[in-house]
Amino acid sequence: MIWCLRLTVLSLIISQGADGRRKPEVVSVVGRAGESAVLGCDLLPPAGHPPLHVIEWLRFGFLLPIFIQFGLYSPRIDPDYVGRVRLQTGASLQIEGLRVEDQGWYECRVLFLDQHSPEQDFANGSWVHLTVNSPPQFQETPPLVLEVKELEAVTLRCVARGSPQPYVTWKFRGQDLGKGQGQVQVQNGTLWIRRVERGSAGDYTCQASSSEGSITHATQLLVLGPPVIVVPPSNSTVNSSQDVSLACRAEAYPANLTYSWFQDGVNVFHISRLQSRVRILVDGSLWLQATQPDDAGHYTCVPSNGFLHPPSASAYLTVLYPAQVTVMPPETPLPTGMRGVIRCPVRANPPLLFVTWTKDGQALQLDKFPGWSLGPEGSLIIALGNENALGEYSCTPYNSLGTAGPSPVTQVLLKAPPAFIDQPKEEYFQEVGRELLIPCSARGDPPPIVSWAKVGRGLQGQAQVDSNNSLVLRPLTKEAQGRWECSASNAVARVTTSTNVYVLGTSPHVVTNVSVVPLPKGANVSWEPGFDGGYLQRFSVWYTPLAKRPDRAHHDWVSLAVPIGATHLLVPGLQAHAQYQFSVLAQNKLGSGPFSEIVLSIPEGLPTTPAAPGLPPTEIPPPLSPPRGLVAVRTPRGVLLHWDPPELIPGRLDGYILEGRQGSQGWEILDQGVAGTEIQLLVPGLIKDVLYEFRLVAFADSYVSDPSNVANISTSGLEVYPSRTQLPGLLPQPVLAGVVGGVCFLGVAVLVSILAACLMNRRRAARRHRKRLRQDPPLIFSPRGKSGSHSAPGSGSPDSVTKFKLQGSPVPSLRQSLLWGEPARPPSPHPDSPLGRGPLPLEPICRGPDGRFVMGPTVAPSQEKLCLERSEPRTSAKRLAQSFDCSSSSPSGVPQPLCITDISPVGQPLAAVPSPLPGPGPLLQYLSLPFFREMNVDGDWPPLEEPTPAPPPDFMDSQPCPTSSFLPPPDSPPANLRAVLPGTLMGVGVSSEPPYTALADWTLRERVLPGLLSAAPRGSLTSQSSGRGSASFLRPPSTAPSAGGSYLSPAPGDTSSWASGPERWPRREHVVTVSKRRNTSVDENYEWDSEFPGDMELLETWHPGLASSRTHPELEPELGVKTPEESCLLNPTHAAGPEARCAALREEFLAFRRRRDATRARLPAYQQSISYPEQATLL
């Protein structure tokens, strides 16, 4: 801003000069501070009275003029100039009491009031520059006294001003510091001490000088810190009982010093024998009165002023006294039969000169006791402890100051020395990691103390001593090998024994005593082997030359194998007068041991013969230069290296050494026997896809050249030897091999798991198949005719359920049979089965006259067919009702009597088989529907798949049963009653008509059966048994109306169905509750419940229904028919009650099963591999 104003003023001056009115003048006025100065202005006319005008004085940098005078009025003066300015001789301004602040630019202006031209209103004078000279003055100075902690930094700053500007300098203790040096630096009047020390304390003077004068300022720097010992104590010697003074003086700031004295590290006031005889003076000196021999030692002075780490100074005090005995024991034991010593505890200063002994009050004469002598410290040595040594002894020591007197008497006693009871063996061999116990025990008087120690290096933390003083090494480590010493000591003597421990199963131990004998261009290395660790060890000698020049790196170590059993090796081919390092390494099958210590050696040169003196050589033989122009070329055989021989060869070239490396790895010697005459070399055995670097080193005589230039080449795409690829960017080969092995193992494991799973599934399927084969042969329900009976409304009993085991269907396609009515084809017989030549019929089983199960005679096919034709009218309605009558739990109709023609699995001879098996009846087709697939109670239902042809059952007999009654005949003829029963089965035969579907059968049953079972609500084929062993399953939907739903039938309103498509039966939402069902089972634990109404109950309820049954014209032909099957179930033998009848039935059936099993055992078993879902087995 000031420069801008100055430029403005100059521009105004220049512009005014350009106007031509008056040329401005610049005047400089110099004054001293406190004096006066006149600033001239000649704008007024020199003579006459000037016109009316106004005088103004302006100062550059001020907004208003500092002085304004108009006529005779009082001037207007700036407050800073009040009382110090006035006009003199016209318009000149006089300033009194000049100040430094008055220095600057001033301008004089005069305004003439009679001028009418605006351009001539003002007459400006020249600018005047006022300079005020003043002596130097300090604007900033450091304090007079400054305290600074030791080792801290401090800054002393002096700032002065004046006109002209003064120059500031610093002085320390009267000496000019200049620019400073070391820790002290001076710059622009500022003194900076980086690290204050004790010597930095003192007076620092700041001086500001100029032409107007000089001024100074002094600062005292005080360094706060621990004291500094100025006068330390010195070593002193004093006779016993004299006083002594040890000086100690220190300086410090602050000066609140406290002195402390210590003897051998203990405060003198804490030592009881010194408390009353010691004083510490004001100046820090130690005063010790009446010194004693125990007062000798190191004394330390420690001054302190509260700062940390106070200094200290020490001195040694020597006290002279005559020789004296310290403490003589009252008894001295000596070992019997061993060497003993009677000691005389002496102290003396000056040193001891001699000791005299007395025995039993008489002077001891050593020449009378052979083997007795005096030791260097005056002890009495007895070679053999016996009765001659017994007695009372006293000693008197002497030095240059005399003696303090004889010692007290000591009584010599004979004691038994320690003796080992259990000594360790000379050596122990034990495997590493196991436990080793070495015994050692001793006895003596007094009992000795047994201790163990390892000779040489100690073994801390691994060796323990048990309660029996035995050494326990647990676990045994390699470091435990060595010599161990067991010592037993008591007050009489100390005895020792030792043993060697060898640890087996470790790497070799380090070799020792390695020595190298230099030879011409070689060296002979020898050593002493260490323990081999229990295995054969081999040695190798390692050596390397030291670098001749510091800028060259060390060569790699070279190893030479040592023949087995040798402990020395001759290392040839070394450079003479070159320093080598040698080391020996031992190895065995477990690994390498540590290297031995490194030994340096310099091989000698070849012996030379004296040569004739000649002229001194003018040139030094040229050194060996490196090979030149090394290049690498790819060829089909590998990598070919080509080079030129060295340019400088001192003599004959011995050969080359080829070195190579992969990428940035270390250099390796590839071939060290390249002949010196070769200029090219084929390098086989390289790795694919790797960048190689090669170089050559030449050697001749004792010279080894520097490496040649480096030749780079890549083996990418080159077939080399051996052909393998390395992946340096991915994984190392060991890691890669491990990864590949792990992947292969995982694949094999997965494959084995899959095979095991398949094998287990096959075994599980085989076990299920064998389980089915071991089960009882199925009881086949063979329909003998067509059922065309009427039914009456009623409720069926849910208390009895007949179990079905669904088996494989002989029909190739049940769906096709049901939809199109195609006749079922018999299954293809197994080619290896004896049944392949024809079906094997089943024998009928029925009751005999005595009520036992017996085999009945077979019925001829013609008779069966005739029976079937007579019992079944050939109407479409009868065809639709061909399915077997299976009543559900709902009252769909009167259940029809069931005729089991033959439940025996015992087959007739093959020659007796008259005809093939009949085709599957409507009941079997009905049971093969998907609804009955869900009713499997044994868990063996096969999956829904296309049935394959399978061999037929072992035997199925179609002969009607002979008549056998369970109950006594009723009053009315049973034949008539049985004749009127609808649905009586006449026989089994193969019909030429197509089979009826289950849908037609169910529709006919709904129309015919409801009127027949109004008074006979017995259990049906699908009702549940009251026995706890029975299993429930789903049934077809009920056809009887009911208000509630059954737990075995779908709920009302349910839109789901148990059949679908063409197999769907008409749905009827009729169910009965469980609470309305009757229990008709003779035993709740017996599962052979009756599937039909009881005989007595049927006879009682049948008479009212006879008349009503006549109303059905379609049943007239069946009323007078009497078939052999009717006697199978409708003529039971009378029993006293349900329990007795059930027990009798069970016993009879078990007897039948035993006979059947015996018969089956004599027949070949047929392996049925596929079950038929359209056959039902009654359990």
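Glycine is treated like the rest: Cβ placed from N, Cα and C.
Lifted from Swiss-Prot, the feature list:
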{"type": "DISULFID", "residues": "Cys41-Cys108", "note": "disulfide bond"}
{"type": "DISULFID", "residues": "Cys158-Cys206", "note": "disulfide bond"}
{"type": "DISULFID", "residues": "Cys248-Cys301", "note": "disulfide bond"}
{"type": "DISULFID", "residues": "Cys344-Cys395", "note": "disulfide bond"}
{"type": "DOMAIN", "residues": "418-502", "note": "domain 'Ig-like 5'"}
{"type": "DISULFID", "residues": "Cys440-Cys486", "note": "disulfide bond"}
{"type": "DOMAIN", "residues": "507-611", "note": "domain 'Fibronectin type-III 1'"}
{"type": "REGION", "residues": "767-807", "note": "region 'Disordered'"}
{"type": "REGION", "residues": "819-842", "note": "region 'Disordered'"}
{"type": "REGION", "residues": "942-974", "note": "region 'Disordered'"}
{"type": "REGION", "residues": "1016-1079", "note": "region 'Disordered'"}
Report task. Mind tallying the domain 'Fibronectin type-III 1' (507-611) by DSSP state, helix then strand then coil? Result -> 0 helix, 48 strand, 57 coil
Query raised in the report: DSSP says what for the domain 'Ig-like 5' (418-502): how many helix, strand, coil residues?
Result: 3 helix, 44 strand, 38 coil
Query raised in the report: For Cys108 (disulfide bond) and Cys158 (disulfide bond), what Cα-Cα distance in Å is obtained after rounding to a whole number?
Result: 40
Query raised in the report: Near Cys41 (disulfide bond), how many other Cβ atoms are within 10 Å of its Cβ?
Result: 26
Report task. State the Cα to Cα distance, in Å, between Cys395 (disulfide bond) and Cys486 (disulfide bond), rounded to an integer. Result -> 35
**Report entry** When distances run from the Cα of Cys486 (disulfide bond) to each of the disulfide-bonded residues Cys248, Cys301, Cys344, the nearest one
**Finding:** Cys344
Report summary line: One finds that other Cβ atoms within 10 Å of the Cβ of Cys344 (disulfide bond) number exactly 25
Query raised in the report: Hey, how far is Cys440 (disulfide bond) from Cys158 (disulfide bond), Cα to Cα, in Å?
Result: 86
Query raised in the report: Between Cys41 (disulfide bond) and Cys248 (disulfide bond), what is the CA-CA distance rounded to a whole number of Å?
Result: 81
Query - Between Cys206 (disulfide bond) and Cys248 (disulfide bond), the C-alpha gap once rounded to whole angstrom - result: 37
Query raised in the report: In sequence order, which same-chain residues at least six apart have a C-beta under 8 angstroms from Cys248 (disulfide bond)?
Result: Ile229, Val231, Pro232, Pro233, Tyr259, Trp261, Asp283, Gly284, Ser285, Leu286, Cys301, Pro303, Ala313
Query - Cys158 (disulfide bond) and Cys344 (disulfide bond), Cα-Cα, nearest whole angstrom - result: 78
Query - Cβ neighbour count (within 10 Å, all chains shown) around Cys206 (disulfide bond) - result: 25
